[in-house]
Amino acid sequence: MKTWPLIWAGLAVVALVLARAVAVPDGWLWPPQAMHLPLARWISAGMAWLTDSAAIGPVTVKDLTRGFARLIEAPYEAARVLLVEGITEGRGRRATTIVPPLSWVAVTVAAVALGHYARDIWLGLIAGALMLYLAVFGQWDSAMITLASIVIAVPLGVAGGLGLGIAALHWRPFERVLSPVLDLMQTVPTFAYLVPVLVLFGFGPVAALLATVIYAMPPMVRVTLVALRGVPPEIVDFANMAGCTPGQRMRKVMLPVALPDLMVGVNQVIMLSLNMVIIASMIGAGGLGADVLESLRRLNIGGGIEAGLAITALAVVLDRLGQALATRAGGGRGAKGNWLRRHPRTVLVLAVTLISAAAGYLIPAVQDWPKEWTVTTKGFWADLMQWINVNYYDQLEALRNWTLVNLLIPVKDFLLALPWPFVLGTVALAGWALGGWRLAALTGALGLFLAATGLWEQAMITLYLCGVSVLIAMCIGVPLGIWAASGETAGKVIGAVIDTLQTLPSFVYLIPVVMLFRVGDFSAMIAVVLYALVPAVRYTAHGLRSVPEELIEAGIVSGATRGQILRKIRLPMAVPMMLLGLNQTILLALSMLVITALVGTRDLGQEVYIALTKADVGRGLVAGLSVAAIAIIADRLIGAAAKGARERLEGGA
Amino acid sequence: MTRMCLARAAATATALVLFGGMALAEVESEDPIKLTLHDWTGQLITTNIMAAVLEEAGYNVELVQADYLAQFAGLETGDLHVAMEIWETTGREAMDAAVAKGGVVNMGETGMLAKEEWWYPLYMKEKCPGLPDWKALNDCAAAFATAETGAKGRYLGGPVTWGGFDEERIAALGLNYEVIHAGTDAAMFAELESAYQRKDPILLWVYAPHWAPQKYEGEWVEFPPYEAACYTDPAWGSNPTATHDCGKPFGPIWKVGWAGLPEKWPGADKAIRAFHIENDAMGAMIAKVDLDGQTVEDVVNEWMDANEATWSAWIAK
């Protein structure tokens, strides 16, 4: 195994020579035209057939999907009536409200009560305070529109994930088919399947809702599989002995036992649904996502930040309540007495709802938070931006130019000058070195797919932008992770910052970044780094914290300094975990591509975005699948490397 | 929580049964007419005015968020019914293609004229006194240059999807400039705002009606005026071997609808065709929303109250 470093070094030299000195003949730099498969045309034709003429018996596929959309529309409309519109009579400007929607008072009290039920009054107060934030900053109406689609999307995602997970558990072939499909669902950029979703399910909020479900469901399927497989076999045997039917065994025994694990999946569904808020608003979901987009189009940065933080606030409320409910799940129910006594909080919420609805007719402030009471920080943000812009632009411009000239442009030129067979060979060789011939075949085949799409140039630009961004994200993220693991306070502060970074829609900081660094690759890189930083920090900190105490004590006993313990014990032990972090960083960087297309990059993300605006199904899906191919290559290679690292550690220990 | 929801839903259902039948009828169909919303303020205002007018006439209206070009797929099938702003400058091709396929009809001009062209802030005239004549651009290329464009001037173009033939224009007119495409118009105007605050050079694609020409002082570059032949016939214009040696076309903003609309809602069809508003009025409303921070709803209500005579003529029987 000592020969590998030599081989890699040799390849690097060859690459440099190829890129710098050799004039590559036509057809060797980029895949020749003859190799391109008309994939986009095939997919578009297939899609047209599916929507126009495909039928199962007398029912066309389109009728089926439209019927499904109507089925979902009903509960969604009910949620909107409850949270947003109330019941009105008449139309447009002449509309009068007959029954108002839930007032802000009622929703806030419900949030407090749910927090109290799930854990304690402190959680309740936090949830209530965040709901008040929505009211005070004038985000209430939009937040309720978003909430109405979240309360439909999350149960759908959870139920769908649970169903697919259980099916895969019982039926092996299904699992084998499902697994790559899940990979694709998580790696194909959402924009790529928005157009097919629109065509199949119609324009409007329901299509947006379904796109959200597609995006948010995969983790639930995976968690379901893991959680149900993790149910101890003794418990399953016991259920069989007790004479449960398979259905009973699942409902009464396995699901309750796996509940705490399943709640992790529910949490993921909630977080991912909220991640989709902005993109969903582009195809008609409205709500906070639309507010963010509209504010930023007016360069109202403060407005964008406020609406963006409202999304974060909703995410935090739902996340914390979900986690508390998960730890509570399975806990005893001790209260006795009649229904009223057993459900004091439900009674309270019901009472507040009715009273506030009634009082709302007399005092409108109880129903709708009055406009005059809202606070805004708009002016502050605008002034801050202007101040930075006017006073520090020259320094920022110098930084930008330096990075462009010394890092971005050379890397880009280098990658674009490499002949494609060389890149393909290197990828396959890396697969062979890390995981044997199977991995080599997979990475080679995916590389060949990229060559056959005719998007080689865009793929290489993607590689360059993501590669540089990931490198920088790791350079910042790993030290931050080490710092976060060094103490309680540091951990908490850094934790809060990266939580915000993850839930705050990236569009919110994209526009200020453009104001300071102009459109182009540098701005895109900053946005990608900010977003992809999160797992680098999180996994590093987690890996360092979970190093066994005995090892550290052994280090202390043998007289190692703090620095030595970090370098010689904790960091090497944390390597497998940090590699997982790297893996996640790459996946997040790739998922940001479509967003950075909005500041004018020329990579696969731009290709997906162009296809979206032209409603070109085939083009979008081909570009989306190309992104997925890159993601899967990276994922498998790093996964194999992490496995190797773990085995070496265990072998050495 | 669930119980409360159920109780509410039950109440809702009853109320719907009780009050559902009371809406004012007398229109040809109770089905909602779906108007599309895009992502620029002017279009939101136009569409909301149209929606309010149709509601006054008793129609059921639904506003649907849809992409500017992706919406044609929905208009052809009747999923969507009306698009209020298709610009001659950016949407003409897609509109013509959809009309040719059938399923979509052109419902006439809105009365507004779309203008888009290269634009610079007024302070740039000090650094480049020859402007707005396009012939001055090459002399000032250095003033508009940046690190990544080298000696060439930097022109910030619209998103790739807007088209616009700027690369062709630069080649045909022999301009020493490079097009940098912004990904969205938000990014484009973010750069303008930033440069304007610092009084730094910038040359970019600006369109009207929009808030930017209202907020910032500046001028459009004057290219040889557009004629259809300029885009198709190389012999036209100063460069005998290339097309696109002229400025960008100006033209009306069109209303477009689903082909089945005139049959299903004849009254609404008449009202939509009658809709007419001009650049000045629209520019003022856009400024109220984007610069003064009023809501679209308020601005539309204000217009509806002030122009009752106008819009009641559109829906008069």
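Each residue, glycine too, has its Cβ placed from N, Cα and C.
Here the structure is a predicted model, which means the values were calculated and not measured.
As annotated in TrEMBL, transmembrane segment covers the listed stretch A:98-115 rather than the other ranges in A:98-115, A:404-421.
Of the listed segments A:2-24, A:462-484, TrEMBL assigns transmembrane segment to A:462-484. Within its own chain, the transmembrane segment (A:577-600) is flanked in space by residues 186-187, 189-191, 462, 465-466, 469-470, 473-474, 477-478, 481, 506-507, 510, 513-514, 519-520, 523-524, 527-528, 531-540, 542-543, 546, 606, 608-609, 627, 630-631, 634-635, 638-639, 641-642, 645, which lie at least six positions past its ends and keep a Cβ under 8 Å from the stretch.
Taking Cβ pairs closer than 8 Å, the transmembrane segment (A:462-484) reaches residues 407-408, 411-412, 415-416, 490-491, 494-495, 521, 524-525, 528-529, 532-541, 543-544, 566, 571, 578, 581-582, 585-586, 589-590, 593, 596, 601, 603-605, 626-627, 630 in its own chain, all 6 or more past its ends.
Residues 99-100, 102-103, 105-106, 109-110, 113, 340 of the same chain lie 6 or more positions beyond the ends of the transmembrane segment (A:346-363) yet place their CB under 8 Å from a CB of it. Sequence-distant neighbours of the transmembrane segment (A:620-638) (same chain, 6+ residues past either end, Cβ-Cβ under 8 Å): 39-40, 43, 183-184, 187-189, 191-196, 427, 430-431, 434-435, 439, 442-443, 446-447, 449-450, 453, 455, 458-459, 462-463, 466, 579-580, 582-583, 586-587, 590, 593, 604-605, 607-608, 611-612.
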